[in-house]
Every structure is written in structure tokens, then in C-alpha cells.
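A.B. asks: I'd like to ask some things about the structure below.
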Amino acid sequence: DVFLRELISNANDALEKLRLTSLTEPEVLSGAESMNITIKAEKEADGTAKIIIRDTGIGMTPEELANNLGTLAKSGTSEFLSRAESDTSSNGNLIGAFGLGFYSSFLVADRVQVTSRAAKSSNNPKPAQYVFSSGADENSYEIYPDPRGETLGRGTEITLYLKPDALEYADTHTISELVAKHSSFSTTFPIYMHTTRTEMVPDEEAESAAAAAEPEKTAPADSDDTEVDEDEAVVEDVSDESEPAAKREPKMKPITVEEWLQLNSQPPIWMRDPKTVTDEEYESFYQVTFKDYQKPLAWYHFSGDSGSGVSFRSIIYVPSRLDDSYWQNPLQSITKDIRLMVKRVFITSDLGEDALPKWANWVKVVVDAEDLPLNVSRETLQSTAFLKQLKGIILKRLLQLLARVQSEDAEKWEKVQETFGNVFKLGAVEDFKNREKLSTLVRFATNQRNSTSLDEYLENKKQGQNQIFYLADMGKSTSELAGSVFIEKLHARGYEVLLLGDPLDEVFITNIRRWKKIPFQDVAKAGLKFGDEEMSPEEEKEEQARLTEKFKPLIEWLRKEVREKGAARDVVISNRLVTSSCAIVADESGYTANLEKLISSSHAQANHKHMMDFAKKQKVLEINPRSPLIEGLLRRIEQLPAEDSEEERDTEAEDELKEVATVLVDGALVRSGFAVTDSNDFFTRVDRILRRSLGVSETAPTDTTVKPAPPVDPELPPNADEPEVEEFADGRGKVSWEVEEIDEFGNVVKDVPVDMKAHDEL
């Protein structure tokens, strides 16, 4: 595909040289009025085809044809191209010295003919038109005067006689696509392509012939003796056949219309001063270049230097949407929308190992460098220094653009958050170098407002608060999290809590760990501290000790029950509950319910099963000493006879009390986000409690009578072996398909009796 790009670049160089020369020698402009590049494809009747590329540039003398194009032909172009393609370590000196751009023609052509007429100048007052001709597999070339005479006026015409396997390049649609991809901005001179189209026009010859074939009308024969009354009206019968020709549909014929279409009508806006480019021009350029029907959210137009001496101009775009495939491959990062150009000629979109990280690979960028070292195919940069610098430049400017939108346009920033909010969290996790900048872009909902940054959260923290409170539960809405049992007291006291419902939220928190040296505190874990305990530490300790002593019988009884069922390892007095009777919290070394979900959704638990099981058991049951339910349960426990007492025990009452406690603990597990140990057993107990509350006998049986299934019938339907046929509801006909089993080589596997099959189990 690169041959056309190279030849257009050469044509542009010839035109640019002519323009610069004309500043001191105006006579070089004689011979041709316009300065342009034309492309014409011609298909022959014998199936061959050729492409003619012409420019009205500076042209070449016979000596220049030999010096610029003949060197490679002398050594054999096939040998050189095969050697150049395999020499990836070349330093690139061959490019300019031997005119490699022209010799890319032999990638698609087996013969090339170059016709050129130099511009008239003081050194060459009478230029003549010469032809250079060479084949792909020839070791020689010819240069001779053009027998057709002076047909060019000025410039160069290259005719490519295409190889049989390259005839697709004679298609105008293919040529148009190649120019749009590689060269639409490579030149300020117009590029025209010859096209043909068919139009229907009136067939004048057929109309004339039809008119001549019609019989002439003659007046009725009147005798000389007959007097004609001039006042008498004459009525004529007009038949359909005698209608005027103008009222009939004219006969049409197809004609071929030839025209030249300009392929590069849009100028490169990145070369202009940003102050002169309108928003509409930026949006239109984005939609055309990146084939996006939606307008971009924001853009950044800038120029700079890479630090290694390469100057460039660039435009960075933030799209208004993410591709549907972005989250389908979370570990795959493909940068496909960075258009790297050199002097407005498209080079590549593949940055290789220097591709942008996953969090930024959605950005759309045009980068135009003034000069870069290229290898012979011009597809791979010989020095990766600029690409590594380019990656850092794009990320730096992208972060600057996002920060500017954040501070200047609240409405647009809301749209950015809606589309890229989770992307920023992903970026903060994977891009350690830019972690702090990306973290400033992250937003969370809280129990007090819909959206806040980490910096805004710290501005709202309470006196003595030395942690950032958060609650994470994957898949839960903000309203559900705001009503969680874990933040009852925090909310009641006016503390702000980050509410995290996205899967990436807790991953982000656990990787960041602290913000501005203030750690994060998961309020679903044990050991919750508000920060003002130091203001009255003795009073807090005394109150906690008093409540622990008061509820000691209940704590010890519940501790035995929850340990037997594996629901928790300990029972303590809670300092986080206000209205709820109890809650299950993860110990500081245990897993919260949300973390259990994250681990269960990955494959990590299979490799560390024993450690996972241990961490899952590290739960603590916290009871609310102010809850009437807990106080009532304490009274019932205190009424039970001591274990070493000889007093007769009421086993039925004890069983009922155990059942109440079990339902209480299971309910706490469910409300805290954990799964109950045995869901069937849990709902059976709930059923008994409901019966009891409604006055229904606990032993009253449920009618389990059901209709039995029909007898066994091994017979298949009569049409079971026929292929399945489906008919569309709108009457478009029927569709049928058959499925055959094939082996690894694509051969149909035939049904063979089991006892005759070859066994390859070993």
C-alpha cells in the first residue's frame, strides 16, 4: 500500500522545489498553468492495467533521471529490495541517496516508465522531454527522448504497469482510500483523481430518426367549385398517434462522463494557529479523521519539542464514548487511534511496545513530526527514542486537558465522569507514575453528596478525624449503601463516608491506601475509630468496660453459638450501631463481604484456598447494647440456669432461644452482605417463627399432593430426524440448517459403530 504514498511525497517535493525556485527565477513556472498532482488508472481490454501519476513540478533533465533513478536499476531492483527489506538494522542512509521512494513502485508494478520535462531556467533555457524505463527484474534501464514530443509542458509523469496480483490498485475506490489514509494532508498542492460515471441523457439522434419516420399530414382535397365558409368551425379528430413529439417521453441513452475529483480538499488544521481554528472545524476534522459520528468532548491543540530535537504539532481529542469492547478485554491494551505523521505523511498507528497504557488507549491523537529517522519500508521508526518520549508527551497533555475541563466546565466534566470515571480509577491502579494526577480526577458518591473528589472529602473531614471512611459493596446503589448498618453512627454523627458500588472502587482504594498521608478506613471492618476518642479516653474506656460486664452472659452464650455454626469468631459490644440490633463485621485480618465477592469472581481462590477459608472466618458479631431486642435477649439468657446448676432445665425454651439467636445472627449476615451458612435451614426457621407469630401450629403439615408425571414414553416424534426448519414471522420464507461433525482436518466424521471405532485414549 505504501507505493502511492511515496510517489505522492516525491511529487510534492518536486512542486515545492518549483515554488521555491520561482521566487528567484519566475520563468520556471512557464509550461504549465497550475501546480497539482493527478492520478489516473486505466484498465485495458486484455485484463492488464496501469496507473499514471503526474505532477507539474520542477521536472528532471536526462542527467537527473540517470542520477536520481538509475543507480538502483544498475544493481538490480529486485536484489536491492529483497536486501533492503531484510536489513532491519540499516541506519536509513539509503533512503535519500538512492531515491527509494520511487523504487517502491516495483512493489506493485513489473515495469515503470518515467516521463519528465525539466522547468525552463537560465541554466536550461530549452528543456526537452525524456523517458526513463526499467523493469522490476532487469539490471539495466533506458533513457531516451520522448518520441511523442513535448506532451507535458513541465513536470514528471510516472506510469506503473501493474503486476497481475496488484490489479486491485487500479480501482478508483482503492486509490481514494490509500490517499485518504496516507497522503490526504501530505501536500498543500491539490491531488486530483480521474473518475468516470454514467449519466442518462436524451438521445437526439433517435428522436430525429423517429420524427423523420412519421407520415406527413396532408390537407383534405377540396374541389375548386366548393365554396368554403370561413366562419364555419373546423373540427379535427386527433388520435394518440398524432400527438406532438414534445409531449412524448424522450428516448434516453447512457453516456460516460469524465471528471477530476480533488482528494485532499481539507487542509491540515494542526498546522494552523489554534486561535484561527473554530470549534466546528475541530469537530468536523475529528469526525472525518476518526470515523466517529459523535462530536468529541474536548481537545487540546499544541506544538512542542520531544527533547531529542524532534519538533512536532499535535491535537489530542477526548471522545464522547468508549468502544463497547473496552471492558471486554481488561488486560489487553491496543492503541489504534494515534495517527503518527512525518511532514504530514501518515506513517503508522502502531506504537508497538511504546503503546499507551490501558487507561489511555481510547484517546484520539494526531501527531505530525518535522523529521524522524525511518527504515527502508518507512513503516517502522528506526529510533524508538521519540516513540517513548511521545508516549509521555501524550499522557502529560491528556492529563492537562482533563484537569482544564475539570476546573473550567462543570457540565462537560460531568459527561467526562459519566464516560471515563472508572477509567481514571483503572489508570490510578496501573500507572504508578501518574497515580496522583489520576487520583485527583476520581469521583465518589457519599452519604452527604452525589459526587466528591478526595481533596474535597478532606476539606470536609471532622476535627480529630485521621482517616477517610468508606463502605464498598459491589453492585449496590448509592441509596442502598447509604442505608447500610455499618454507617448508622457515622451518618448520625455527621461524618462523611465514601459509598463505593463499582467493582473497581475497592481495587482503587486498596492500591492507593492513603491520600495526602491520611489512610482509608473500611467501615465494614472491626476496630472503627471516629477520631475524637482521645478527647475523653477514660470515659470511653469506662463505658465500654461497664457495658461489656453487663452483657457478659449474653456475649459468652452468643460466642459459643456463633463459633459452633462458623458464623463468627467473636462477639463484642458495638460502637457503630444506632438502631440496628447487631451486625457482622470483618476482622482487621479478614475479608469484607465485598472483598469476598471480588475474590469469588476471579480465579485467585483456587490457588490459595486454605488462606481464603481462614480469612473468611475472621468475622466479629457486634451487638448494640441499646437495642431492646438485645436487652430482651440478655434477660432471657440470665433466666437460664447455670451450667453447673442442679435446677431442672427447660430444653424446649432453650431450643426456642437458640433458634431466635440463630435467626438473629443469620439476619445480621445477610444485612452485612455475607451469605448464610445454610439458606434452606435459615428459611425453615423463618417459616416456624412466622407460624408462631400468626398462631399457626408449627407441626401443621402442608398438603403435598401433586399430580404424578405420565408414564415413560421412549418414542421420538415422527419428524425428529429431519433438519430443523424455522419460518420467519413476517413471511420472508423458511430457514433450515444441518450440523455435521468434522475432524481437525475439516473432514466430515461419519457415524461408525462403537465396536468398530479406533480407540486413541492413550
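Every residue, even glycine, has its Cβ placed from backbone N, Cα and C.
Pasting the relevant annotations from TrEMBL:
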BINDING   Glu6, Asn10, Asp55, Met60, Asn68, Lys74, Ser75, Gly76, Thr156, Arg378  ATP binding site
REGION    202-250  region 'Disordered'
COMPBIAS  222-243  compositional bias 'Acidic residues'
REGION    699-733  region 'Disordered'
COMPBIAS  708-717  compositional bias 'Pro residues'
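Show me how these features fit into the shown structure, please.
C.D. replies: The 10 Å shell around the Cβ of Asn68 (ATP binding site) contains 17 further Cβ atoms across the protein chains shown.
Taken through DSSP, the compositional bias 'Pro residues' (708-717) splits into 0 helix, 0 strand, 10 coil.
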A.B. asks: Here the binding-site residues are Glu6, Asp55, Thr156; which one has the lowest number of other Cβ atoms no more than 10 Å from its Cβ?
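C.D. replies: Looking at the binding-site residues Glu6, Asp55, Thr156, the Cβ with the fewest others within 10 Å is that of Glu6.
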